[in-house]
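Asker: Starting off with a structure, shown below.
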Amino acid sequence: MLRFVVGTYTHLIYGVDADIERKKCKPLWLFEAHEGALTALAVDGIYLASTSSDETIKIFDHTRNVQIADVSVPTDIANACIRDMCFTKNHLLACHDNGQISMWSKGSWLLVHTLKSSSHKGITGIAVHPSEKLALTVGGDGKLRLWDLVRGKGGKVLPLSTIPESILFLNESSFVIMSRRGIDAFKLDLTSLFSFSSKSQLNALCLYQSKLIVGRDNGTVLVLDTSDGKILHEFTAHKKRVKSVYPVDDYLITASSDGSVCIWDKDWNLVIEHNIPEGNRITCMVAMLADSNSEPKNVEDEAAKRQSLDSETSETSSESESESEYYSTSKQPPVKRTKHA
């Protein structure tokens, strides 16, 4: 069973379980998660993080359908809208429109670092090295920046020939930078590996089956060789622009701005197509394996805490909803356990 979650321009998060064997999709939840358009999602284990133009981050346990944290960005950051974020082993990283990076400790959601740069044009993409000791970012100022994640400091700044949109590590020794019309691959010493240009605008990229997957404005998906950038395969995935591409298990999931989500096998055959409710334009997507038997650690203690909190809430409020009711009708999570700056 696969699970994908999309964020929309209309402030909504929509979660769906996809049964590959039966080729059926089961909607799990559709709710208003933020006060602005969703700009990024990130997933790691049980944690699902969402952010939007309202400059907040919310953390959900997607295995139990409950919000577990409401993380605010540092109060001294102006223009704090987040364009990209990702998890590492111990942290959640978020990139802001003012060129800064915030780091929170995973689990406690306490702010541990604010990495600052001289740029005020915004970071649009971040890639963390497999060692998790350094990160690379790109942004609206057309520069590549190196960050030391161990010491929490910025490093080298290098100008690029294009305005980049996204960045991705291919392995420990190479990475790719995507702009609207092309892709450039480099080694860590900045030796060029290959360059690829496209007539149609590029919107999304990921690694899948050791190949580079690129989603384009014309609805097509390109499969590129990571060694030389040559096109290995090309197929039409959607009628309109491909907004997101995401690998999970042996499958590739693509999402279009028109609200359609498609699951493809390793031979590029369409397995399942699902459409989110009409009028909700997709802005971002993540996917994961959905294991009905998986539970977070200390689940009994957490369940007891949640029951206690629910009891306290029922004593002070005349309105009460179960978690299942919330995920079909409510706009706010049933439980907000922590809030950190």
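Note that the numbers count up from 1, one per residue, in the order the chain is shown.
Note: Cβ is positioned from N, Cα and C throughout, glycine not excepted.
This is the feature table in Swiss-Prot:
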COMPBIAS  297-309  compositional bias 'Basic and acidic residues'
REGION    293-341  region 'Disordered'
REPEAT    77-114  repeat 'WD 2'
REPEAT    119-157  repeat 'WD 3'
REPEAT    237-274  repeat 'WD 5'
Asker: For the repeat 'WD 3' (119-157), give the DSSP counts of helix residues, strand residues and coil residues.
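Answerer: The composition, in the requested order, is 0 helix, 23 strand, 16 coil.
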Asker: Which residue counts does DSSP give the repeat 'WD 5' (237-274) for helix, strand and coil?
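Answerer: For that range the per-state counts are 0 helix, 23 strand, 15 coil.
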